Structures are given as structure tokens and as C-alpha cells.
Amino acid sequence: MASQGKKLINDPNAVVTEFIEGLVETYPGLQYLDGFPEIKVVLRADYASTMLDKVAVISGGGSGHEPAHAGFVGEGMLSAAICGEVFTSPQVDAILSAIRAVTGPMGCLLIVTNYTGDRLNFGLAAEQAKSEGYKVETVIVGDDCALPPQRGIVGRRGLAGTFLVNKIAGAAAATGLSLDEVAAEAKRASEMVGTMGVALSVCTLPGQVTSDRLGPGKMELGLGIHGEPGAAVADLQPVEVVVSHVLHEILSPDRNYVPITPGNRVVLLVNGLGATPAMELMIVAGKAVPQLQLEHGLAVDRVYTGSFMTSLDMAGFSISIMKADEAILQRLDASTKAPYWPVGVDGNRPPAKIPVPLPLSHSGKSDESLSRPQQLSEQGHLLEVAIEAAVNAIIDLRDNLNDWDGRVGDGDCGSTMYRGATAILEDMKKHYPLNDAAETVGEIGSSIRRVMGGTSGIIYTIFCKAACAKLKANTQSVVTSKQWAEALETSIAAVSKYGGASAGFRTLLDALIPASAVLQERLNAGDDPCIAFLLSSEAAVAGAESTRHMEAQAGRSAYISPDILATVPDPGAMAAAAWYRAAALAIKNKYQVHE
């Protein structure tokens, strides 16, 4: 069913003039003629300085195709653009005003898209200007490859390939060439380009209802940029298939739209039709380049991707292919101040883009040193015992963690922690350099980062990497208990900094912060490190249990009512308390065995 289209406008009859006003406010290099509402002409603000020694290049057409044509006015491209009403050719008087405004002794070139209204209005304006003594030449662009070549007197429609012609003509004019020379370059370029479009939706004119001509799951091939029906309606296909069809239509040797054959150099222009996200346009470009190279045997010298000639809010794209040589590439690469011409595209592009290799770690450790030692030191044995106990505690707690998390979160805390725990166990057998405490803690973080998703994964990775960095500052081979306590404090600070939580937020920090405080206190008081570790683990458990009485201020629990939160402790805090307590008990038991 058709429905009223939503538009951010004031008066549907004033959209073109208000567009022009916004455009010239945005770009200092643009200005417009004082002839609203009949005369809607955008021109270079410095037009007077170029009239004496440069050919003027003028184009235009109906509005609704923005940024075409006004967005391509600027040094090195168009001297002026005439804007008609939406999907309506500009009036003769407006075209004539543009010619008079920017044309000097060198004359002007009119670049006209091949629509009957445009040809007639620009043609009459050209003849009138000639009668007034202006030198005027006209080039008609008809790059449409969707319809059969023979269309009576109508011919092929002018589409987005027009802007490659505009750029070539503008660059030629900027060098000071004569009118005949500029026109010849533009005409040659117009004969080298072909375009075909695909629409996923029709467009909505300001103040009008949205047509439902295209049903769900359908696309239109070879559409017109004024919403007119295309060559065919088909089922929506993956973009790679659609791109392949479009390229074969443009380059068909049977229809001979463009003089492009295998071995030629080409320019690719991917044009959005108004409502197509940049992501999708880049996907189109990414699929088109290798197909042109591998399936059609063409060298792709330039790729331009963006919105050039749209159709209001139509979803879809068009592809333009232009045969290229050094002369054409030089014109396309020439500098321009036209605001909507893409930057960063000039220059030779490689036949293939090889991804840059990932940078190596700056740890300075070799692969050999980041492996399990053949013989463990006393510290290595302690680390192994503590790590094994900690991860087994998490493995045993998986179901409880999922149950608690199911009431206050998304129910996967236990499964997420379980993945990390099992990965740590497996990696410790082969890869952890257990005699190096700092590197071992860092490798635990790497194991977690590899397999644990969600917030828990990144929090624990930050926790481990911060501890690793702190421990590396120690130049001694054996880490003291106070250095472990300082590393824990540093890790907690890093998690708080990047995660935004602190004590009382109902997170894992409510277990770790009291544990850290007790550990520091008991060590400073001179307690045996093993006893201090054990007492701090009791504080961790108590802190985790206390989260039942806290109002969540972080994570998904923040959206749960306090009544529900009071029924369970925070799963993340309980997990932290569990592994911390298990590690402390394992160290205690290890020392008791030795005694």
C-alpha cells in the first residue's frame, strides 16, 4: 500500500531553493544567482577571475539527484550548474542566465544529459546565447546500458557516467585549452563510458506518497533515475551476483555500448542512488574490481565510490565503466575544489591490494621463551598450582554462574568463564612460560582474549595485561608477595578505568577490591604471605556475597529491578571470588605439603 513519504522539508515547492541556500552556506567557494525562484543557478564564487582566460564548463538538470549537479561546481570541474525543479529540466532563462554569468571570450561548453527536456532547453539556450555573441558548444552524454541501443530519436539516457565527463572537461578547461579542444575531450570521454543501475526501492517525491511498485524481495534492473520503470524486475540476489550481471550488460560485445575489450584500462565509478549506505557501496566496489580484472580481463586504474547522481531516497546503485588512457587519467587526477568530487583517489592503484602483515608483539620474547619450560622453578610450580586450582573452580561453578546470570543478565556468565578456563588449562600445558610470572600472566590474558566473548572477556584481558605490565617493571627473576599485591592493585585500577565501575557497582570489583585491600594490609603488617593471601580470599568471598544488597550500576543487571537483584549475588563477583579463593587455598596446601 502506498503511504505518505517522510521528508525533512518545509514547503515541497521550495526544496530546491532551500537546498541551494544550504549548499552555498556550507561551501565558501560556491555562490548562486539572485533570481529565485525562477532562476536557480549555482556558480563558482570566483567566477569573475576565470572568465577572461578559461572556457566555462556548465551542466545541470532536474533536481532530486543531489549532489548532482551543483555539488560538482568548483575549480577544476564545473563553472556553474543549473537546477530545475525536482525531476524537471531547468528553464531556458535559467540556463541562459548561467551562460551569461560565467562565460567570457573563451566561450562555454554545455554538458547535457540525454533527456528530451534537457536537450531542448539547453539547446534553445545555446542558440540564444550564440545570437548574443557567446561561443557555445554542447556535448550530450548518454551512458545508459540498460535499454537496447536503438531507441528511436530518444537514445540512451544520461546517468552517473556524466560526472566523469564533467571532471575531464573541467580539468581540460582549467589548463587553458580552447573551446573546441575542451569540447573534443568531453565528447571523446562521453563515448567511452557506460552505466547501468539497480534499485531496491522506488523514490518518494517531496509531498507525494511512496509508490509500492517494487514488492518485498524484488529489485529493478536498469531503472531510470526519475523513478521510471527499469528494464526488468527480478528477485533480490546476493550483491556479487547482481554486480556480475551489471558488468556483463555494460561490457556486452553484442550490444557494443562501450568500446572496451579485454586488455583495456578502465575507470570504475560506483554510485549510490540516495538511500544506500556507504558500507553497501563499498561492498559493491569490492566485488566489482576483481570481476573486472578476472572475468573481463581489464586493468582497473581508478575506483570512485560514493553518491554522485542520486534519485532522492532510492535504495540501489549504479556502476559506470569508462575506458581509460593516460590522457583521461591525467584529467581525472587533476586537482579540483568541487565539494563532492572524491578525494584520495588519484594516483596509480596496484593491481591487487595485499593486506599489511600484522605487527609483531613488542614483548621482545621469542617463541621459544614463550613456551612451557622443561623444568619448573619453585615459582613456576606455585604458578601452575594456583592457575590450575583457579580455573578448575570456575569449571565447577559453571552451572551456578549461568543460573545466577539467568536471573539478572543473559544467562551465559558461566559458559563464558568456562571457555576461558578450559583454554587456560589447555594452553598452560604447552605455551605458558611458567618460570616467568609476568609473561605467564600476559599469556593468560591472551588465552582469554582468544576464546571469551562479551564484556567478561575484555575485562579479564585488561586485568591480565595490566598485571603483566606491572610485573615486568620488576627486574628480579622472582616476584615478591608485595609485587603480586601491587600488580593486583594495578589490574583493579585498569578495569575500573576502562570499564567505568568501582566499589559498590555490583561487579567483579566488589570481590577484588576488598581482597586487594586486605592483602596489602596484612602484608604491610608483616603477616606470612600465604596467610595474607588466604585472609584476602575470605574478603573476596564476603565482598562477592555482599553484592546481593547492592543496586547494579553497570552491565545488564543495571536494567533489573532491585527486588530481583536481591535474590542472587552478582555472577561476575562470585566468579572472581571463586578463582581467587581457590588459588589461595592451593598455595596454602602446597606449602603445608612442603612442611
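Including glycine, each Cβ sits where the backbone N, Cα and C put it.
In TrEMBL, annotation is done automatically, which means it is predicted and not curated.
Summarising the annotation, TrEMBL assigns active site, tele-hemiaminal-histidine intermediate to H226. The substrate binding site annotation in TrEMBL covers G62, S63, G64, H65, D118. Per TrEMBL, the feature domain 'DhaK' maps to 11-341. According to TrEMBL, the feature domain 'DhaL' maps to 381-585.
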*Between the binding-site residues G62, G64, where is the Cβ count within 10 Å the lowest?*
G62
*Only counting partners 6 or more residues apart, tell me which same-chain residues put their Cβ under 8 Å from the Cβ of S63 (substrate binding site).*
V15, V16, F19, K40, C83, G84, E85, V86, F87, T88
*Using a Cβ-Cβ cut-off under 8 angstroms and a sequence gap of six or more, which residues of the chain neighbour D118 (substrate binding site)?*
G60, G61, G62, S89, P90, V112, G158
*Report the same-chain neighbours of H226 (active site, tele-hemiaminal-histidine intermediate): residues 6+ apart in sequence with Cβ closer than 8 Å to its Cβ, ordered by sequence.*
G62, G64, F87, S311
*On the Cα atoms of G62, S63, G64, H65, D118, which are listed as binding substrate, what is the maximum pairwise distance in Å?*
15
*May I ask which residues of the same chain, at least 6 positions away in sequence, place their Cβ under 8 angstroms from the Cβ of H65 (substrate binding site)?*
I225, M309, T310, S311
